[in-house]
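Trainee: For reference, the structure I am asking about is given below.
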Amino acid sequence: MVLKTTTCRFSGLRIYPGRGIIYIKTDGQQWLFINRKAKSLFMQRKRSAKIAWTTVYRKQHKKDLEAQVARKKRRTANRVQARAIVGVSLEVINKRRSEKPEQRKASREAALREVKERAKKTRADKAATKSSDVKKGGPKAAKVMPRSAPKGGKR
Amino acid sequence: MIGSGAVLHVSDNSGARTVQCIQPSGRAWGVGDVITVAVQKAIKGKVTAGQVCKAVITETKKEFQRQDGSVIKFDKNACVLVNNKGQPIGSRVLGFATHELRARQLMKVLSLASRVL
């Protein structure tokens with residue numbers, strides 16, 4: 001069962017059925033109060049904005065904002081959360097995500113350097129095998145020699 | 001909470017402005033009760049000052065409670081002049097009327113009222 005509630009015009013609190021005072025002015029205005037305290041303060045012409053426990057005051061002084069903000073933040077975080085995709089686990093994705101651009105660049109350069117070095121190494125190895133072939137000498141190597149020899153000489 | 005001697009506003013067009021309650025106060029009279037009043041102040045109309053007649057209380061400053069627990073309070077004491085049968089003397093009811101009158105068989109007053117609570 002849903003209870004139909006009204007709000008207190010002074011304090012802004014909820015009035016459940018069976019509670020509250022309706023005050024009817026001569027001009028036809030209806031004022032709903034939750035209890036005698038609210039009514040009394042209204043009759044004394046106190047302003048609800050200056051009384052600390054009313055919702056008007058709490059809104060003005062930003063009292064209940066923290067809870068609302070926290071709730072909002074959590075909701076947005078849930079929406080953005082990453083999922084694991086084919087071949088890439090969640091951990092890897094999160095790790096990549098948390099990296100800073102500088103870090104990413106550095107790792108990228110390191111990887112590139114490694115690749116380059118590997119390439120150089122293989123080339124060097126090839127060269128070494130060739131040179132060894134040359135050293136061994138033979139009818140075949142003699143043909144290659146004129147090409148490689150001047151290079152070596154220059155160096 | 002209307003006792004003997006209380007002065008009430010008259011919220012109809014009978015001509016009376018204020019009346020004084022002259023009902024012997026066995027108890028405090030509230031909304032819906034028919035009391036005897038003496039017209040104190042009247043402009044030109046159906047009643048004159050000094051006349052004695054009946055009136056039904058429609059508004060009280062003292063809050064009264066309903067069966068459902070809600071409480072109603074007005075900011076003045078007011079009544080509507082009626083004859084001995086409960087028929088209103090004036091032809092209009094200007095202030096509020098409440099459903100408490102329904103229980104007292106004062107339907108004519110209720111039907112004339114523009115604002116019923």
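Using N, Cα and C of the backbone, Cβ positions are placed for all residues, glycine too.
Annotation comment: TrEMBL describes A:4-66 as domain 'Large ribosomal subunit protein eL24-related N-terminal'. Per TrEMBL, compositional bias 'Basic and acidic residues' is recorded for A:96-136. Summarising the annotation, TrEMBL assigns region 'Disordered' to A:96-155.
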Trainee: DSSP helix, strand and coil counts for the domain 'Large ribosomal subunit protein eL24-related N-terminal' (A:4-66)?
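Mentor: Going through the domain 'Large ribosomal subunit protein eL24-related N-terminal' (A:4-66) residue by residue, I get 19 helix, 12 strand, 32 coil.
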Trainee: For the domain 'Large ribosomal subunit protein eL24-related N-terminal' (A:4-66), what's the model's average pLDDT?
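Mentor: The average pLDDT of the model in the domain 'Large ribosomal subunit protein eL24-related N-terminal' (A:4-66) works out to 91.
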